[in-house]
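Listed in TrEMBL for this protein:
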type	residues	note
DOMAIN	88-168	domain 'Cadherin'
DOMAIN	169-277	domain 'Cadherin'
DOMAIN	278-390	domain 'Cadherin'
DOMAIN	391-495	domain 'Cadherin'
DOMAIN	495-624	domain 'Cadherin'
Amino acid sequence: MPETYKIIDNLWTSLLLVWITCVQYSSMAPLNNQSQSLQTASAMIPRNRPSEGQRILSRAKRGWVWNQMFVLEEFSGPDPILVGRLHTDLDMGNKNIKYVLAGEGAGTIFAINERTGDIHAMKRLDREEKAEYTLTAQVIDRDTDKPLEPPSEFIIKVQDINDNPPQFIEGPYKGSVPEMSQVGTSVTRVTATDADDPVYGNSARLVYSILEGQPYFSIDQTTAIIRVALAGMDREMREEYLVVIQAKDMGGHMGGLSGTTTVTVTLTDINDNPPKFSKGSYEFTIPEDLGIGKPGGRVKANDRDIGENAKSAYSIIGGDERDVFEIVTDAQTQEGILRLKKPLDFESKKSYNLTVVATNIRADSITGGPYMDQATVKIIIEDADEPPVFTKSAYLFDVHENAAINTVIGAVAARDQDATHSQVRYFIDRHTDLERQFNINVDDGKITLAKPLDRETDMWHNITVTATEVRNHSQISRAIVAIKVLDINDNAPEFATEYEAFLCENGKPGQVIQTISAVDKDNPSQGHTFHYRLEMLNNPNFTIKNNLNNSISVLAKHDSFRRQKQETYLLPIVVTDDGEPPMSSTNTLTIRVCGCSRDACIILLLVIVVLFVTLRRHKNEPLIIKDDEDVRENIIRYDDEGGGEEDTEAFDIATLQNPDGINGYLPRKDIKPDLQFMPRQGQHCCLKGGGGAFFESS
């Protein structure tokens, strides 16, 4: 093995020397202004330069830059590799010349022969780690270590070899494309990277190819775009494909390195399949008493597509002339649910034949959809035992309040609609007839009176009647029966209230003492008309006058009423209505005689007027009472007989609290004492039964 490495090393060295020797330099830069210069061992200094203006007839080859050296990366021979040689014009075989190397990697990676100027690479180099090194060369005197020339800087570049394969950093990849896509439709793009030098040679020039995944997909060898290569790929047949992509450097030539990645391609669904009913016809049996909105059966149209493309809407397109059924979609199961919209009647229609259609709700721009399928549905109605049906949902009867017991008020009727036509029995729901006012015949439904009626107590009676099948007692129907009690004239009129009248001793003849009206519990259709008369037709004290509005006025016949003679009169008055037969009653009016003074009445009126004016003027002034706890009655009394000024000497607390007079004014001598202190706000004027009046503070 060492001999093999030595042969390879010698071969690389020979090739490098031949390559360096064959390359001409286009120019040579001096190290300083003197004739001395530092140059590579392979540099060729031109001997005969063209004179100024001399024309170069041939194209000059690209020359080497004198201050650059090159070394191949990854060289691993047994001996250090010669990178280049430094030489100065001062080196005339003088042994006192010494070459010194400094800079990046000097002494560790690169070593220089201090006598010959040969530079060797001591280690294996990797361009991907470091592509170039900057060093400084200098010639010094061996004995004195003094520089003979200024230092010169040069670069050693590491030349690339193809030692890095392509890599897919972002793999593995995933891509998708709609099923049935045309050839050439783009699926996705992959990207590989190569760490080799993209400028030098073909080490980093990549070419892409498919190792697995043909004939379904292809890849552009330069752009790495994966495209559909086969038409008509169906997701329902195969949904997923695994594609293996290779990237090879050196432009794909033999000897290049390669890397691979995988791409998972998924075909996405399009609406390219119609819904399909699992069978062409369905048959359901449902009871006729199925509730509104309740399901009567389910149908299902399957779709090979997925997601929204598989959803269908159901509709009825035939056989439902009466609009009895509807069909809706179950969002979870995608089934069509037949539901009832109107009540069924076995006796009128025993079956239905419907045509049902399932239609995709989404159309596809590629296939053109939407798709649909249809099926027939036969619905058989099953007879159900239904309760009897009343001829009316509510009945209205009327009866006079004087009707005799067992009088027939009316009759209800119900019929069993079932094919069996069961016999019906009738009953009154006693929760609606707690007084047991009525009875009903269980066979024919006739309602009779069980107890006397009184319209003035209850004008309406609302009872519930039930109808039950004899064959099945659980089948019950109900109907409302409203019974109106008609009025008869069975109540006499009477006074509207208990009247009590007052008559002054000095009243004038013909004076109205009291106005009287009457009421009647009956309610005749033509309204009430009342007639009044005195029980004593020729009453010496009183008489009545018809006001022509169902009321009368009681009048005094003379002015000689005296309280000392008779204080109370009882006046019987007879009131009669216009009913058939007429009803009447005697009511008594109580009339009390009181002593009324004309002067006292005039003074009372003046007091009321002054009180009103005072309240209007002083309604916002505070009360003069200073101490809230010192509140006493302030009463001005008038004698029943209308006495003199001594009868008006009342005790006034305001005088004590305000010696200067009420509200700051002294009493006036020209006004009677009973008129000086009017009632203040909050006082009440009261009329005694005997005709006297007083003011009372609240």
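A Cβ is built for glycine as well, from the same backbone N, Cα and C atoms used for every other residue.
In terms of DSSP helix, strand and coil, the domain 'Cadherin' (278-390) has 4 helix, 56 strand, 53 coil. Within the domain 'Cadherin' (391-495), the DSSP-based counts of helix, strand and coil residues read 3 helix, 48 strand, 54 coil.
Remark: secondary structure over the domain 'Cadherin' (88-168) totals 0 helix, 36 strand, 45 coil, with classes taken from DSSP.
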